[in-house]
Amino acid sequence: MNNSLENTISFEEYIRVKARSVPQHRMKEFLDSLASKGPEALQEFQQTATTTMVYQQGGNCIYTDSTEVAGSLLELACPVTTSVQPQTQQEQQIQVQQPQQVQVQVQVQQSPQQVSAQLSPQLTVHQPTEQPIQVQVQIQGQAPQSAAPSIQTPSLQSPSPSQLQAAQIQVQHVQAAQQIQAAEIPEEHIPHQQIQAQLVAGQSLAGGQQIQIQTVGALSPPPSQQGSPREGERRVGTASVLQPVKKRKVDMPITVSYAISGQPVATVLAIPQGQQQSYVSLRPDLLTVDSAHLYSATGTITSPTGETWTIPVYSAQPRGDPQQQSITHIAIPQEAYNAVHVSGSPTALAAVKLEDDKEKMVGTTSVVKNSHEEVVQTLANSLFPAQFMNGNIHIPVAVQAVAGTYQNTAQTVHIWDPQQQPQQQTPQEQTPPPQQQQQQLQVTCSAQTVQVAEVEPQSQPQPSPELLLPNSLKPEEGLEVWKNWAQTKNAELEKDAQNRLAPIGRRQLLRFQEDLISSAVAELNYGLCLMTREARNGEGEPYDPDVLYYIFLCIQKYLFENGRVDDIFSDLYYVRFTEWLHEVLKDVQPRVTPLGYVLPSHVTEEMLWECKQLGAHSPSTLLTTLMFFNTKYFLLKTVDQHMKLAFSKVLRQTKKNPSNPKDKSTSIRYLKALGIHQTGQKVTDDMYAEQTENPENPLRCPIKLYDFYLFKCPQSVKGRNDTFYLTPEPVVAPNSPIWYSVQPISREQMGQMLTRILVIREIQEAIAVANASTMH
């Protein structure tokens with residue numbers, strides 16, 4: 001396409017515009033020529049900048065052509081569907097020897113009801129001399145509306161025992177009676193269209209291996225094209241490029257072209273060195289594409305040897321219905337792969353047939369809105385890496401999604417073993433259900449498959465029930481569980497009472513109140529005990545221990561919020577409940593998935609602060625808080641370790657900031673593993689475990705709570721070296737100077753407190769980090 005800016009812009013701006021059309025691999029040559037030749041370099045690069053090129057990178061020859069997209073240089077290629085099929089009579093062979101002959105035939109048949117265009121290229125390559133390439137265009141129809149020109153172009157030929165088989169591109173669309181012009185066809189006269197392309201190419205290698213390339217692509221216009229009177233015009237060659245829905249003309253590199261309306265498709269293939277000159281490109285020179293169509297997903301595959309493969313998946317759509325367009329480009333590095341299989345479609349269909357009749361598209365379930373499949377099999381010398389041949393290695397796959405304004409469809413990427421012959425999938429295998437709204441990236445190496453599911457960016461991901469972890473307590477959930485259990489239990493009691501004789505004295509049947517607030521202490525204690533064993537979720541399954549503990553914390557918060565002062569975890573009236581709960585929680589270990597991931601607990605530290613199980617609300621709560629901090633920071637995980645803790649072994653230390661003497665920091669320290677240190681050994685700072693201040697929240701500061709605990713303890717026990725946790729007084733006033741007796745708590749009581757602490761998520765994480773650091 002001629003540049004129309006030469007006479008309207010400055011020379012420097014013209015150079016910048018011209019540089020954007022120079023391919024990246026020729027940019028250095030362009031700059032050197034510009035410095036030496038001056039304006040003559042612009043004329044030299046004027047013709048080569050917009051033509052297709054083949055250059056070598058690594059072991060492959062890359063087919064490239066410059067394309068200007070929204071004012072920047074971008075090599076844009078959209079995939080077409082490919083699959084491997086046996087050779088048919090319609091496919092024409094290409095024998096590689098040093099003579100080469102290429103014939104391209106274009107036939108367009110037209111009737112008042114249907115217009116079909118069939119392009120059937122045959123490539124025959126022999127390796128000794130030069131023969132011309134013939135391009136024949138034949139147009140047949142019931143009305144004299146087209147012509148059939150013929151073009152001959154020179155071509156180089158080269159010998160080889162290889163053979164390229166194939167290529168058949170069929171383009172069909174149904175429309176009302178109209179004329180087909182060699183220049184363009186208005187889209188408003190074509191409500192529906194269908195494109196079916198097949199490209200098969202094969203080459204017999206030295207070892208007898210046969211590799212074939214076949215492409216099949218089908219596309220249909222969005223509904224906006226069907227209903228609007230003027231949506232624009234498009235022109236397309238045999239390998240065409242996605243363009244926005246607006247009127248545009250594109251110059252073809254050859255003089256004879258035909259135009260159809262619809263959504264074209266282009267592909268980029270890796271061409272072997274021996275066939276660089278035998279590839280004929282019919283792609284338009286220049287196009288303009290809406291830059292709003294960006295990427296949808298990127299897959300990165302890293303092999304055990306450190307090789308990284310990046311699989312960018314580009315999804316581009318016109319300004320039509322986003323649900324009716326899905327075009328994908330898969331780019332694979334050239335170094336370490338042999339075959340790539342790409343398929344994507346929102347509905348199920350194997351043989352792609354898009355009927356342009358409105359009624360058929362609405363009424364026929366076998367018609368798809370968009371379906372494509374692509375197999376790109378390289379013929380280069382570098383095959384699949386040797387470490388992937390056995391198919392028994394692990395391939396980590398990372399998928400990153402970028403939200404877009406379109407609806408994603410299922411996409412699958414298969415990387416096959418080079419020794420395996422690709423097989424065409426059945427309709428059920430290659431297309432997921434229409435309701436599926438996920439992208440799947442599946443990498444297969446012989447016997448091993450790694451699959452990563454990516455949720456559609458438009459919809460919020462629905463995590464599994466195991467990952468629905470609450471961040472705070474919800475009292476209504478605890479009340480709901482209690483009501484459901486009470487209703488079930490009351491029904492069981494009534495059923496049992498009907499089967500038994502009435503007791504002497506006509507005692508009233510036991511019934512549990514569904515309202516927690518009106519329940520008596522004894523009834524609530526008994527009901528909570530039974531709930532530890534009988535509570536069930538909506539599916540009739542028993543709750544996990546940490547979930548059950550979470551429910552009881554919700555009940556505790558509900559009681560506090562509604563005026564009840566009962567502490568079901570520390571009051572003497574609920575001792576039986578705490579014993580039953582201890583039996584449920586004592587054997588709890590962090591749950592690990594089959595892949596080795598640790599599932600976090602439902603209970604968090606924040607939840608205990610919410611329901612007043614941590615803090616200085618009561619003597620029992622303060623004692624539990626100190627045990628929590630000692631477990632979290634001193635990493636005391638067993639009852640024996642806590643029993644060894646003593647007032648004399650916990651040191652309070654204050655440090656001054658050297659730069660600012662008024663800035664002081666206070667901490668409490670505990671000598672770790674006191675028994676393993678030898679007598680007379682010098683004690684260093686790394687031998688101590690430390691708890692530091694929390695100046696942001698004094699009510700949750702370990703140092704201030706420790707000082708408050710010392711303040712409430714009897715003076716006679718503050719220097720003891722055999723105890724740290726004292727027994728709370730049963731009844732005390734908040735302003736009482738003494739909250740604890742001189743007796744230490746029992747081992748059983750300490751075990752129950754520690755069991756509930758070890759279920760907390762932050763405690764489990766701290767222990768896991770400490771264990772991981774000791775292993776290293």
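Every residue, even glycine, has its Cβ placed from backbone N, Cα and C.
According to Swiss-Prot, of the residues Lys28, Lys358, Lys369, Lys682, Lys358 is the one noted as SUMO2 cross-link. From Lys353, Lys632, Lys712, the position flagged in Swiss-Prot as SUMO2 cross-link is Lys353. Checking Swiss-Prot for region 'Disordered' across the ranges 139-164, 451-476 points to 139-164. In Swiss-Prot, the entry for phosphoserine among Ser120, Ser345 corresponds to Ser345. Confidence across the domain 'CARD' (6-48), taken as the mean pLDDT and rounded to a whole number, stands at 72.
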